[in-house]
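Right, one structure below, let's go through it.
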């Protein structure tokens with residue numbers, strides 16, 4: 001704190017290195033990008049950047065889950081999806097190369113849980129598929145196909161047959177998905 | 001049920017305590033609400049977190065549906081060194097400002113609470129870890145082409161990335177092969193040519209007509225275009241250089257010790273084949289494990305596509321749009337495939353007979369096409385050899401065409417046959433996924449078999465003499481030094497392959513991009529922008545690598561040429577990809593593609609080792625050139641050297657090669673295999689068992705929640721003013737609640 005706006009104190013840097021999955025270079029780069037988003041203000045580390053500004057990042061601009069990402073990682077009391085620097089580091093750490101499968105799958109579950117009720121039910125899954133394929137009418141699956149798809153997903157992943165996918169079922173499915181770790185990655 | 005809950009929490013607390021290395025005051029803290037009849041406290045005051053005790057540095061909230069498994073996973077996380085994440089260290093997955101501050105405080109306290117020795121150990125541990133991470137950083141930054149591959153990954157996703165990292169792997173493999181041949185074969189010859197060492201040249205036992213070798217070096221005034229022909233086909237001034245086998249005429253180099261060059265040559269060949277095998281198998285082991293797991297449950301394809309379908313690396317808007325459409329396409333295709341499968345299962349017998357008959361007929365047609373191609377390659381090779389032997393001075397271009405005729409025919413065949421296969425597969429009525437794989441297998445077979453046919457026709461030419469029998473064991477009139485000749489053919493194949501790749505990129509892909517951009521007619525729009533077809537590109541480079549493996553024995557500098565070739569191909573492909581291509585509409589999965597590439601490479605290696613082994617062990621080595629002049633076959637150098645070793649070592653090596661040893665080794669390997677198969681079966685059963693347990697956990701939790709609800713209702717029925725506000729995720733009461741682990745402290749503090 002203090003000094004030029006682009007300096008991250010060494011002790012904080014080593015602490016972040018200890019507590020997240022990011023390397024030193026990644027933390028410094030994240031700090032640089034975050035400072036730019038803050039508009040060059042040398043605010044304390046708890047100052048927040050609004051969701052709109054975060055969404056202008058090139059890594060997130062093209063991501064259909066960007067709003068959900070902000071909501072999941074935000075620790076703001078106002079639930080507006082704003083992130084402070086440590087939230088930002090959380091996000092990057094969960095999406096880094098070295099983060100474990102448990103962490104990634106946990107956050108993936110929360111991102112996909114659109115109504116935040118702790119399970120993925122048919123409505124969540126439908127919203128998820130629509131996010132993936134596109135929002136316009138000609139890029140969606142037909143109602144019949146959606147029904148078939150959701151019933152297939154539930155058949156594959158719902159072990160206790162309650163019609164929803166809970167976290168352990170989700171993690172069970174993810175652990176057998178070989179592409180998950182390589183696709184659940186954000187690189188600055 | 002409660003008891004099991006207890007023990008789980010207890011286990012977790014123990015491991016958490018171990019990791020945090022702290023005293024009990026800073027570990028988890030809890031309440032036991034004696035007003036409820038159960039031992040579980042539900043804190044409804046805060047909206048998201050449970051601030052039980054603001055002095056503690058850790059607190060947990062656990063979703064009941066995941067409580068037991070979650071606890072185990074947290075315990076597992078905490079016990080591994082890899083726990084980092086705020087949440088992992090503090091045991092909390094929903095940190096907030098206070099949580100993080102508490103985490104920092106806790107670390108400081110940790111540091112303060114420890115004495116000098118403990119503090120020193122902690123610091124050393126931390127700095128070693130940091131050193132290791134920095135070391136890994138440096139190593140990964142030294143990786144070849146890291147920035148370029150990063151860029152490609154960002155623009156096109158992980159499927160195409162796997163092609164380029166495969167190419168990088170091949171560059172490294174070729175470079176290592178070159179180092180091997182250079183150090184053990186070329187370097188001794190270079191040293192002896194520059195310094196005075198006692199050398200023994202290899203010579204055949206009886207000087208006869210077999211030992212005449214003039215080579216095709218040109219005499220007199222050489223026209224410029226003849227130099228070009230020589231450069232492109234390895235004849236003329238290139239023939240008597242380090243490039244080809246025939247130049248290595250030394251047998252022994254006498255210095256402080258005797259260096260046996262033929263032995264070194266042979267062993268270097270065997271080593272590079274074995275090294276390639278080991279390296280490829282090691283690389284594919286990870287992919288193979290994943291593929292086995294994937295194949296276990298083929299019904300998970302929908303979950304994979306939906307949950308792991310979006311590639312978070314994509315930053316380009318265009319690429320994102322295309323990824324979306326490709327996901328849509330994939331999902332539609334999979335759903336359709338499922339419908340087709342259902343339809344196929346309902347086929348009548350008559351329909352089945354008709355389809356099988358059709359498939360048999362089409363397969364016969366495919367085989368006929370393949371045989372026709374192979375025959376063309378054979379004839380082209382024979383014709384080319386004959387024309388080269390006649391050595392008529394004709395037009396420069398015609399000469400080049402004749403030299404390159406086998407390569408041209410192979411390339412044409414490899415261009416036309418995939419089109420035919422793609423056309424035929426539409427009539428065979430397979431499911432879409434199987435169609436793709438089957439066509440690919442046919443293309444792989446075509447590519448690699450064409451090399452086999454070329455080599456067979458060469459071998460046929462070399463070992464057949466016009467008159468009765470071959471006095472030297474090979475056709476010495478046409479091929480006084482047949483190894484150099486094969487080396488030249490392989491050299492030509494490599495050069496031509498590279499020229500074709502470069503020509504296609506420059507003369508087809510770039511104009512296509514320009515035409516598509518500026519021309520608006522219907523046909524052009526249907527042709528569309530270039531798509532980076534990963535399977536075809538991979539087959540191309542595997543083909544090149546197979547030729548390199550075959551040819552290195554005859555042309556020791558071939559790996560170096562191949563390295564340079566692949567480096568150039570990398571840059572050409574990258575430029576073409578970035579400027580001309582759009583992402584594939586049919587995405588190639590990253591995990592299965594890595595495994596597929598390595599399997600095809602292994603097939604290529606297997607195919608390449610057959611001619612090398614046959615020529616080393618069976619064909620009489622030429623008596624006019626090369627290091628094996630005085631031996632019957634190239635392999636003969638090994639028994640001769642072994643017989644000159646001290647008798648104990650000699651008998652030991654002979655015992656290794658005997659039948660008794662081979663049979664017992666085979667039996668032991670079979671036993672090992674049966675053991676591993678049994679182990680795999682046992683693991684499968686354990687997995688089924690764990691799956692059932694997971695289902696039972698869900699039932700347990702539902703039961704607990706019901707009990708909880710009943711207890712709560714009972715409590716609040718007694719004291720209505722304590723009714724909790726509905727704000728805290730009211731809809732979660734039936735689905736899941738946040739519970740704290742109140743019993744943990746009870747266990748620990750007692």
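The count begins at 1 with the first shown residue.
Every residue gets a Cβ built from N, Cα and C, even glycine.
Feature transmembrane segment, per TrEMBL, maps to range B:439-459 of the set B:313-333, B:334-354, B:439-459.
TrEMBL lists transmembrane segment for one of the ranges B:225-243, B:244-262, B:263-281, namely B:263-281. Note on TrEMBL: of B:639-660, B:661-682, B:683-704, B:705-726, the range annotated with the feature transmembrane segment is B:661-682. Listed as Cβ neighbours of the transmembrane segment (B:595-617) (distance under 8 Å, sequence separation of 6 or more from its ends, same chain) are residues 162-163, 166, 266, 269, 273, 276-277, 280-281, 283-284, 287-288, 290-291, 444, 448, 451-452, 455, 459, 483, 486, 538-539, 542-543, 545-547, 549-550, 553, 633-635. If you count C-beta pairs under 8 angstroms between the transmembrane segment (B:439-459) and each of B:263-281, B:404-427, B:490-508, B:661-682, the highest count goes to B:404-427.
Helix, strand and coil content of the domain 'TMC' (B:481-591), in residues and according to DSSP, is 86 helix, 4 strand, 21 coil. Beyond the transmembrane segment (B:661-682), the same-chain residues lying 6 or more positions past its ends with a Cβ under 8 Å from any Cβ of the stretch are 655. Residues 232-233, 358, 362, 365-366, 369-370, 373, 376-377, 380-381, 383-384, 435, 438-439, 442-443, 446-447, 450-451, 454, 489, 492-493, 496-497, 500, 536, 543 of the same chain lie 6+ residues outside the transmembrane segment (B:404-427) yet bring a C-beta within less than 8 angstroms of a C-beta in it. The list of residues near the transmembrane segment (B:490-508) in space but at least 6 beyond its ends in sequence, with Cβ under 8 angstroms from a Cβ of it, reads 232-234, 243, 403-404, 406-408, 410-411, 451, 454, 540, 543-544, 547-548, 550-551, 554-555, 558, 561-562, 565, 568-569, 572-573, 576.
Here the domain 'TMC' (B:481-591) has a mean pLDDT of 86 out of 100.
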